[in-house]
Each structure stands twice: as C-alpha cells, then as structure tokens.
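S.K.: Input: one structure, supplied below.
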Amino acid sequence: MLVSGLAAWDGNTGLSIGNAIGSNIFNIALVLGISAIILPIEVHEDILKKEWIFLMVATLCAGLLLRDGRLDFIDGLILLSLLVLFLAYTLKESKNKQHHEFDELKHGVEKSQSTKTWLMLIISLVVLISSAKLVVYGGVEIAKFFQVSDLVIGLTVVALGTSLPELAVSISSVLKKQYEMVVGNVIGSNLFNTIAVLAIPGLIHPSDVPAQVLNRDYPVMLLLTVLLFLFSYKFSKKHVINRFEGLVLVGVFGFYMWRLF
C-alpha cells in the first residue's frame, strides 16, 4: 500500500496500478498455484460464500470504474467505500465471536511492554516507509534502464516483491495443513489490493489508465478470480484445489508473463 501511495505521489501511477493488479495475479496464479502443487488445498465453504463473493464484487466494480480509461478521485472514493463496508462487515462478524484468549492477553500486558510495543511500531513504520521509497525508486530506475513502462515494472518486479510474504505464509501454512489460512490469505490480500491499493492512485494522482490494463491485465485478474471459485467449489460437497488445478494456475501465469514481454 505504501509503495503504491508513494508511486502515485511521484506521478508514477502506472507503477501504482500495476502493483495492485500484478499482486492479485501473483497471489492466485503463483501463491495459490504453488501451494496446491505442494499439497491439495481444502477450501472452507464459508470462505467461498462470503469473502470470495465480496472479492468478486470488488473486482467487477473495479473493472467498471477502469472501463472509461481513467482512474479519478470519485473512483478512488467508491473503492474506498467498499473497503469501509468490508471492514464494517468484518467487525460485525468478529463481535459475534468470543475472544477469551485476547481478553486474557490484554489484561496481562504490562506498561513496560506497551512502551516497547509503541517503540517497535515507530521503528517499523520508519523502516517500512524507507523500504517503500527504495522500491519505488528502484522500480522507476529499472524501467528507465530496460526502456519499459512503469506499468510493466509494477506488474512484475514490484508485484512480485509485495507478494513474496504471501507466498512464504501460504507455503508454511499448507505444509502445516492449515488450508483455511492459505485461501484466506490470498483472498484477503487480493481484496485489499482491489479496494484499497487500487484506490490510492485515484485519490492522490488521478490520471488516465493505460490501455494495456483494460485489454490485457484486468481480464487475466478477472479470469483467475473466477478460476479460484471454480477450482475450489466444483459444485460438490468436497471443495479441494488439486495439484492439476495448481498447475493450471501456474500455467496461466506463465502464459501471461509470455504475453507481457
């Protein structure tokens, strides 16, 4: 999110938009695909009936907003309103559940620990902002060196960098057979990219959307979002993404990279 914000602030909206869409493509095609190849992933039906539907609505809404070839302030506000709705839904769901462990942990926190936590938070924010600036600067310089657009760098180098944590978490989770964490991680990340990260360039630096986004990148993102549901649900009692389907997702990514370059 910081990478996209700083890129948009510097006027590199192509990098910012590319980061959001590219990360979504990486998450489903590579993160979920590689995880399914390692071990078939069992998908909880509630995720498909709730979170995936919200992701699909957000993806379609983003497509409609990008259709006119421009991402402006109003578009950013609309996407941001979807984020507010999703957060409200999440908070409502969390209130319906008991959190005894959290309450015990909260009462057990000492003031000294609280001070250390705030100090670590400030240090982490400084490191995060500095790292984001380096990523944006590096991405722009790479684009200049190879004479490619900042959109392509956002779709590849920057998107890969921002998706690596999801890949690490998903592989670790699938090895522990924590399948709900794998799918939830991907859907949650993609949802945030679509309604928060994509909103940033519209809010900070409204500009035209490159034609390639509409003709090449967004359709791939939409296709992968649909495949996520089809491979998971299968309209049967057992919802599993098998190894072959994982290979298909990775294959889609390979074809997309071939078209990109």
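Just so it is clear, glycine is given a Cβ too, placed from its N, Cα and C backbone atoms.
Automated prediction, rather than curation, is the source of TrEMBL annotations.
Here TrEMBL flags 2-91, 117-259 as domain 'Sodium/calcium exchanger membrane region'. For 20-39, 51-67, 73-91, 118-140, 152-175, 182-204, 216-233, 240-258, the entry in TrEMBL reads transmembrane segment.
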S.K.: Taking helix as H, G and I and strand as E and B in DSSP, count the residues of the domain 'Sodium/calcium exchanger membrane region' (117-259) in helix, strand and coil.
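M.R.: Reading the DSSP string over the domain 'Sodium/calcium exchanger membrane region' (117-259) gives 121 helix, 4 strand, 18 coil.
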S.K.: Counting only residues 6 or more past its boundaries, what in the same chain has a CB within less than 8 Å of a CB in the transmembrane segment (51-67)?
M.R.: 75, 78-79, 82, 86, 89, 184, 187-188, 190-191, 194-195, 198, 209, 213-214, 218, 221-222, 225-226, 228-229, 232
S.K.: Summarise the domain 'Sodium/calcium exchanger membrane region' (2-91) by DSSP state, stating how many residues are helix, strand and coil.
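M.R.: Counts, helix then strand then coil: 74 helix, 4 strand, 12 coil.
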